[in-house]
Amino acid sequence: MWVCLQLPVFLASVTLFEVAASDTIAQAASTTTISDAVSKVKIQVNKAFLDSRTRLKTTLSSEAPTTQQLSEYFKHAKGQTRTAIRNGQVWEESFKRLRRDTTLTNVTDPSLDLTALSWEVGCGAPVPLVKCDENSPYRTITGDCNNRRSPALGAANRALARWLPAEYEDGLALPFGWTQRKTRNGFRVPLAREVSNKIVGYLDEEGVLDQNRSLLFMQWGQIVDHDLDFAPETELGSNEHSKTQCEEYCIQGDNCFPIMFPKNDPKLKTQGKCMPFFRAGFVCPTPPYQSLAREQINAVTSFLDASLVYGSEPSLASRLRNLSSPLGLMAVNQEAWDHGLAYLPFNNKKPSPCEFINTTARVPCFLAGDFRASEQILLATAHTLLLREHNRLARELKKLNPHWNGEKLYQEARKILGAFIQIITFRDYLPIVLGSEMQKWIPPYQGYNNSVDPRISNVFTFAFRFGHMEVPSTVSRLDENYQPWGPEAELPLHTLFFNTWRIIKDGGIDPLTRGLLAKKSKLMNQDKMVTSELRNKLFQPTHKIHGFDLAAINLQRCRDHGMPGYNSWRGFCGLSQPKTLKGLQTVLKNKILAKKLMDLYKTPDNIDIWIGGNAEPMVERGRVGPLLACLLGRQFQQIRDGDRFWWENPGVFTEKQRDSLQKFSFSRLICDNTHITKVPLHAFQANNYPHDFVDCSTVDKLDLSPWASREN
């Protein structure tokens, strides 16, 4: 467990938020001392990482993995991400050890040579992981080299950006709620599960659907989110605190921060005292070390670049391709086909948790550019559509340009698919999320600006979780007449987690895609926030295991990430900052909800950003309140304007290519990549069959003729 240094003299001499930027302020820790400390910590952390990987493989090889183990499969860091997180953990543990040891001999000046420490750990300054070719017309897989002045800006496996300084209990890494007697702004923070029970939960599913948004609207939000950010969990770095202690005995310590159940919680009878919770992976601090507060990693590129299709690391990108073909194709499933159309390939690295959902079918999880692709089957369906579209584009481009080799075809198809995702998001999705606030936060495009920081902010990873309020309790599968498909046409949401067999063995993606088009999202309601399917049964695909609470996880994660409170973000966005119950009632326009929040948090200053932002009434024609409109709008504007390869930036595509791209629609993508023949023109709006549906023959096709090379 973290032990907060309590020497008054130390606290008077150096704050935890600011450490001088000098390479060697003092010689309290010699190079030898640093080297010795780092060596010892590396042994400890490396063992923890190895033990964790071994344990995960062993438990998933059993016939009964726990909910935590299923979750861990997708939140488990891999590749370069794992290395970056391991270095971050070694740095932090070494810093704690050196600070503790050096203060014993030099209380008046305990500063460390942080540059030497970073070098010894293997951190160093952020540099591109690939060689930059400034003349390349294509993005790198890692996101490096986009900004020529700062090539690592927006790249994968770097820290999430901070728009406001982190707020931790100890100023460095401990989340609020870690120490029972510690307060925040004079008040103890409420249990995350208690907030979920009293504010987020509801029982009656009647009247919760959004009469103006399709289910695809919800699903596209998850696609965009997975393209932009992913913060895997870290490992326990101490021998004193095992994952078993965390999961089975709720013993808090190291990077275990269990979500405790309040009194009278029904889960106390079935799940013990808590839900296990492991803290997010973090990276080394970077020069000039103005802050040593823990900074969480973004394992994927910050750009809206279809990284969830192609990956954010070269090794994964290569694994996803069909390199035996000269057509620039992505690899597809060789064991199963969807009536002649391709599925995502299986991730055949054993073990696969998806196999345990139906032990008779034993269908593995899918392999995609994002490891979360099999988390739920609507997400897997969307991934499948994007994979098919890449291969369709590559084949069509080959017809136009027979002389193009596989690499050229792959890169051009990847470039076009990335543009599709950008266009659909900014033209079709964001305007009906931000509503009347769209033009305020995302004005018309003025071109690339290399001074704009495109990195995903830490707060955005919580703001964009508004989509959890849009998930309905059931998912429907529909036939070619948009009527219920089969005897199990409507499935409870919780049965669809990791459920790849429902796609492979039970109908393919067409019935699910029709459900996305013709069924509705859930409407965010101040009295009915998150369905019980997510609030009590998250990652509970079978009755044999207990589900998690996504709302409580979101709240605990806010604290894990050191998120400033509700009013800090209201101030950041230029909005009023309510200080009293009456003030909060005015902002929320809901006396009952305001009182519930004040009873729990005591002050609006302490309200966690996820619940505070989502509690606000929605802006006109939008699906978020003023605070989330600000945070989301600001982030998407920076993603667009700070991207040198943005589809509208002159030189990325020709004028004729841009004209062609603008005619693309998600409905056309479905027509081209499924057996579906009837689609709505506005796929994110709520649509009723047959009134709002048209034949695919009337939907504009993408004209690829502007991509014909002059060399033909």
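Note that the numbers count up from 1, one per residue, in the order the chain is shown.
Heads up, the Cβ atoms here are built off N, Cα and C, so glycines get one too.
Record note: Swiss-Prot gives T301, F303, D305, S307 as Ca(2+)-binding, and the candidate from D204, D210, D225, D227 in that site is D227.
Counting only same-chain residues at least 6 apart in sequence, those with a Cβ under 8 Å from the Cβ of D225 (heme b binding site) are F464, G467. The Cβ centroid of D227, T301, F303, D305, S307 marks the Ca(2+) site; residues of that chain outside this set whose Cβ lies within 8 Å of it are R139, G143, L228, V300, S302, L304, A306, L308, S312, G418, given in sequence order. Residues listed for heme b, D225, E375, H468, cover a largest CA to CA span of 14 Å. The heme b site is defined by D225, E375, H468, and by the 8 Å test on Cβ atoms against their centroid, the other residues of the chain that qualify are G221, Q222, H226, R372, L379, R465, G467. Under the three-state DSSP scheme, N212 (N-linked glycosylation site) falls in the strand class. If you take the C-beta of E375 (heme b binding site) and look for same-chain residues 6 or more apart in sequence within under 8 angstroms, you find F74, F497, F498. Neighbour counts of Cβ atoms within 10 Å were compared for the binding-site residues D227, D305, and the top value is held by D305.
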